[in-house]
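Since the structure comes first, as structure tokens, the remarks are kept for the end.
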Amino acid sequence: MSHFPKLLSSQIAFDVARTMLDGFDKHYRLFREVSRQAKVKFEAGDWHSLQQMQRDRIAFYNERVRETSVILEDEYDAENIEDEIWQQIKLHYIGLLTNHHQPELAETFFNSVCTRLLHRSYFNNDFIFVRPAISTEYIENEESPTRPTFRAYYPGSRQGMAECFERIVHNFQLETPFEDLRRDVGHVVRGVEEHFGDFRIAPNFQIHVLSSLFFRNKTAFIIGRIVNADRTYPLAIPIVHGPSGKLTLDAVLLKKVQVLILFSFTHSYFMVDMEIPSAYVTFLRDIMPRKPRAEIYTSLGLQKQGKNLFYRDFLHHLQHSSDKFISAPGIKGLVMLVFTLPSYPYVFKVIKDFYPAPKETTRELIKSKYQLVKQHDRVGRMADTLEYSNVAFPLSRFDEDLVRELEHHAPSMIEYQRGKDGGEEIVVRHVYIERRMTPLNIWLQEGTDEQLEHGIIEYGNAIKELIAANIFPGDMLYKNFGVTRHGRVVFYDYDEIEYFTDCNVRRVPQPRNEEEEMSGDIWYTVRPHDIFPETFRTFLLGNPRVREAFLRHHEDLFDPAMWQSHKDRLLAGHVHDFFAYPISERFINRYGTAAHGTPVASFARRVA
């Protein structure tokens with residue numbers, strides 16, 4: 001039953017609500033400005049600035065939340081505002097959002113500010129937005145009809161497709177000229193015809209394209225859909241810089257699984273200029289219907305909204321399930337305590353209070369490693385994480401062995417409280433949540449020969465792509481990598497991660513005498529950040545089946561020269577080309593267009 005006041009009588013309540021919305025509006029204005037600048041940097045080929053903008057943007061949200069919280073504390077003594085006034089603040093805020101174009105994001109911002117100011121006993125729908133209050137359906141950009149969420153094009157026939165795609169590209173008004181747009185458009189049309197074969201053109205045949213480009217790494221993506229009769233097909237066209245410095249259309253992606261990988265949790269967030277983000281999410285859900293809205297918001301750079309929606313989905317799942325949280329199967333980690341809910345496809349990771357030898361680390365250092373991954377280009381090889389504080393779980397849903405494990409390994413991270421319904425709850429003070437994957441060591445142990453070979457190929461590619469992106473995993477054991485549902489190998493254990501350019505690539509010195517040669521111990525000096533690729537054989541090639549596949553595909557991983565060549569290119573300022581789609585789909589490989597850009601791996605990337 002609602003306990004909201006019947007009258008909105010407080011001027012302070014309105015002023016606080018207005019201040020909070022002003023804070024959000026400032027945040028989103030800056031967010032959009034970065035997205036607009038991404039187009040300028042892409043046109044100029046200024047990849048280092050693009051990377052820096054991507055990193056900086058991640059901090060925008062928390063900066064505005066802190067800034068707004070300080071204003072409320074200083075000007076309104078927010079922590080001492082009475083409960084009834086806080087309820088009026090929420091109602092005033094809802095009123096201010098009536099015609100807002102980003103109401104769902106503004107509600108999440110309200111929650112973020114409140115959770116900084118209020119005790120967690122206030123984290124219910126009377127005071128914050130546990131459920132959304134404003135609908136995002138059918139929000140239209142009436143102020144700028146020339147910039148709709150998406151544009152519709154009508155080819156009319158197969159013959160009209162070339163002109164249609166040329167108009168699509170021109171409408172993005174890219175300043176950098178194309179190398180040969182007519183040639184590239186011809187490749188797009190040919191790719192469409194080869195994919196669909198002899199399909200009948202329906203009267204409603206049309207192409208819808210989102211009005212903003214999607215920028216990530218060194219690529220700008222055109223994202224759309226093809227509608228014909230009662231079928232809808234995804235469409236993605238990557239635009240890249242050619243060797244001449246001019247632009248080219250690199251491929252046309254028409255398979256649902258190919259578009260899914262573009263929005264995978266293993267990739268960095270896109271930079272997209274969106275007036276109405278909910279409309280973009282609705283469009284993207286149409287071409288990726290099984291993709292959770294939380295993941296789509298996150299991939300668009302709106303990770304706080306994604307985090308909010310994920311938590312709502314999680315609470316909904318808890319309400320409609322009855323299985324218990326258990327300790328995650330597999331080899332126990334030295335730093336993290338990992339648990340899972342079997343019916344839910346995620347794992348929960350809590351930093352332990354104590355770390356046995358040989359681990360030398362701290363809680364703050366581990367958290368900084370996870371933040372590094374959040375800000376860095378994940379190139380499809382590192383899992384994104386959701387970070388939460390003070391999460392309350394029903395104690396009755398926790399397996400007794402798991403509770404004992406938490407009390408033993410992470411006592412400072414848990415506490416108990418009485419829930420609103422009177423039931424006992426266990427509160428986890430800090431937790432990371434990641435998509436659950438099959439640990440690579442288990443995949444290699446239990447897989448067929450074909451699966452094992454695929455796993456080793458993917459593992460080697462993952463290592464090479466990570467170091468090309470300036471990431472050294474630290475602990476390269478197979479147990480620290482997972483296999484996604486589509487068979488891609490992804491790194492997910494970050495407590496020893498570091499920038500590859502901070503590492504010293506070394507060869508193992510020649511032994512100076514027989515005693516050193518026969519020694520079972522390391523007899524040479526090892527300094528911090530030293531890596532010896534030749535020694536990786538010891539812990540990677542123990543299984544004869546693995547050894548055979550590994551040496552067939554990735555023997556160069558044991559060659560210090562390969563590692564040093566990557567480091568030298570990074571130090572020279574080179575930004576590698578990473579393709580979030582199989583390189584076999586590139587027009588240079590399909591139709592023989594002049595080549596440009598060398599992928600890190602020497603064969604087609606698989607979809608994750």
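Glycine too: its Cβ is placed from the backbone N, Cα and C atoms.
When Swiss-Prot records Ala328, Pro329, Gly330, Ile331, Lys332, Gly333, Leu334 as binding ATP, the matching candidate from Lys307, Lys349 it lists for that site is Lys349. Following the DSSP three-state reduction, the secondary structure of Gly330 (ATP binding site) is coil. Distance noted between the C-alpha atoms of Ile331 (ATP binding site) and Asp384 (active site) is 21 Å. The two recorded residues, Leu334 (ATP binding site) and Asp384 (active site), have Cα atoms 21 Å apart. With a 10 A radius on its CB, Lys349 (ATP binding site) counts 23 other CB atoms from all the protein chains. A coil conformation is recorded for Asp384 (active site) in the three-state DSSP classification, outside any helix or strand. Looking only at the binding-site residues Gly333, Leu334, the densest Cβ neighbourhood within 10 Å occurs at Gly333. Annotated pair Gly330 (ATP binding site) and Asp384 (active site), C-alpha to C-alpha distance, rounded: 21 Å. Cα of Asp384 (active site) to Cα of Lys349 (ATP binding site): a distance of 13 Å. In the structure shown, the C-beta of Ala328 has more C-beta neighbours within 10 angstroms than that of any other entry among the binding-site residues Ala328, Ile331.
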